[in-house]
Amino acid sequence: MRDERDGLDFDVVTDDAETIHEECGVFGIWAPGRDVARLTYFGLRALQHRGQDSAGIAVGDGQTVLVRKDLGLCGQIFSDADLAAMPGKVAVGHVRYGTSGARSWEAAQPHLSTIGDVIIALAHNGTLVNSDKLRLELIRLGVPFLSDTDSEVAAKLIGYFTEQTSHIREGIRNAMEMIEGGYAMALVRENALYAFRDPHGIRPLVLGKLDDDSWVVASETCALDIIGAKFQRQVRPGEVIRISDDGVVSEQAVEPRACATCIFEHVYFARPDSVVNGRSVYSMRYEMGRQLAREAPADVDLVIGVPDSGLPPAEGFAHELGLPFGEGLIKNRYVARTFIAPTQEMREMGVRMKLNALPDNVEGKRIVMVDDSIVRGTTSKQIVRMLKEAGAKEVHVRINCPEVKWPCFYGIDTAVQSQLISARKDPEEVCDFIGADSLAFLSLEGLLRSVPTDGYCDACYTGRYPVEIPPAFSAGKFLDGYEPQNLSRASRASRMQIEDVLTSNEEDE
Ligand SMILES: O=P(O)(O)OC[C@H]1O[C@H](OP(=O)(O)OP(=O)(O)O)[C@H](O)[C@@H]1O
Ligand SMILES: NC(=O)CC[C@H](N)C(=O)O
Ligand code: SF4
Ligand SMILES: [Mg+2]
């Protein structure tokens, strides 16, 4: 099939089209008297599945803020000596998979902002849809930039407002009124930690506590577990939490809007041992598999899951139908994506390097293979072929989420619709493309029945976007015939100039 937009064959779309990519992980800790850099490092190790481009830690030592960041995995970047050289009482950390801007050292996080005598460092998970406009205004106001990322815009905007108003609370509040999109952020200054989330709560952020009145924030609860912190609650949409010598202070900085937590977190991104709204991600995925079995059963000899995120739903699928569940694919956990070269042949080898069929279990059998999602179709196509080459008689593919038809603009790297196989082919055509004997997707209703009752963003399945996507941002990203729906309008302040926001604040006083 041809891609009308860029004239490329569908199989050879972009240089890293082999899978969807994770997003970022953020971590923050307030723990005077403890080794905050090392604890942050452990937190980042637990969040490494959310991003492998780069990682960084920023520490506040009471006087100033020090940042160390680099390209690569946490374990490659930080030595014992590096961590020992970062004493302090408060820290934030970040693992990145870039959605905005280059994959460069400059784009690595946390982003440092030094405007006047305000020194802050910011870690951001998500994507801002109006950062281009804000960057231009900040440049006009004399603020320098090192990278072309949305996250640096947020850091500099907060720094600028803080310097202008002399209050970091005001700096963060003003910035939250202006930025639009998905964000979960942790910010450190020399003596305090701040954590805040966009008013729809698109990206996750939780608050935890250590025994000795030390506090932690993180993208997922698995990062609390690793350092022995206890989950307290989620950071609320539009809320700012400040943790300092004065304790924990919460403020509703901007009005919350209709809750729109990313449902793809439950399907794919989050670690199975993380807990959301009292339920483990593992149990939700297991339930998705059961729902899928009710909606699209199959008469087979064995159910297998695609490691890693397809394993819990495969177990649920098998349990629901009383079928045997076993291993059919073995994953090599030491293959890094960056080694995969930008040709189709090499990408196909990439999937083979990562996954291999287990002939002992699949030979001569009719198989159901469960995976969490089909995005570009590369993984399923390769795996079905491998299973057949290993002797499987039939391979029926079951996917525990609906068809991914729409690009994400809030922190996931699927921002061009032409790359999404289900936007261009119906399930029967996708089934042919991946070479399966049958294919079925979980319905949206079935997915929603499997997760805690909450307000969710489901835009990648439905095209109903919780945050307005400015036309300049989405230009060229939708295929002809697709009309996205914007469910909410951008705030009044986000349409104003930076100076006007400051003036209108003065008038309000
Ligand atoms: O249709 P595609 O574009 O190939 O993308 C979909 C695949 O990508 C993800 O797996 P990934 O290998 O990234 O992570 P996992 O090991 O957590 O499943 C996802 O779980 C699917 O298997
Ligand atoms: N995946 C993410 O959350 C990325 C954060 C930010 N947009 C960046 O590109 O650095
Ligand atoms: S569009 Fe999809 S991946 Fe993006 S935030 Fe919404 S549910 Fe999550
Ligand atoms: Mg997978």
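Placed from the backbone N, Cα and C atoms, the Cβ positions cover glycine too.
Automatic prediction, not curation, is the source of TrEMBL annotations.
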Pick from Cys259, Cys262, Cys431: which one does TrEMBL list with Cys408, Cys457, Cys460 for the same [4Fe-4S] cluster site?
Cys262
Quick one: which of Ser309, Ser418, Ser422 does TrEMBL put in the Mg(2+) site with Asp371, Asp372?
Ser309
Ligand 4 is in the model; which of the recorded positions Cys24, Cys262, Cys408, Cys457, Cys460 have a C-beta less than 6 angstroms from one of its atoms?
none
Measuring Cα to Cα, how many angstrom lie between Asp371 (Mg(2+) binding site) and Cys457 ([4Fe-4S] cluster binding site)?
21
Counting only residues 6+ apart in the same chain, whose Cβ is under 8 Å from the Cβ of Cys24 (active site, nucleophile)?
Arg50, Gly51, His94, Val95, Arg96, Tyr97, Gln109, Ala123, His124, Asn125, Gly126, Ser219, Gly411
I'd like to verify something. Among the binding-site residues Asp371, Asp372, Cys457, Cys460, which ones have a C-beta closer than 6 angstroms to some atom of ligand 3?
Cys457, Cys460
Scan Cys24, Cys262, Cys460 for recorded positions whose C-beta lands under 6 Å from an atom of ligand 2 and note them, or write none.
Cys24
Ser309 (Mg(2+) binding site) and Cys460 ([4Fe-4S] cluster binding site), compared by Cα position, are separated in whole Å by 18
Neighbours of the Mg(2+) site Ser309, Asp371, Asp372: Cβ within 8 Å of the Cβ centroid, same chain, sequence order.
Val267, Tyr268, Arg285, Gly305, Val306, Asp308, Gly310, Pro313, Val370, Ser373, Ile399, Asn400
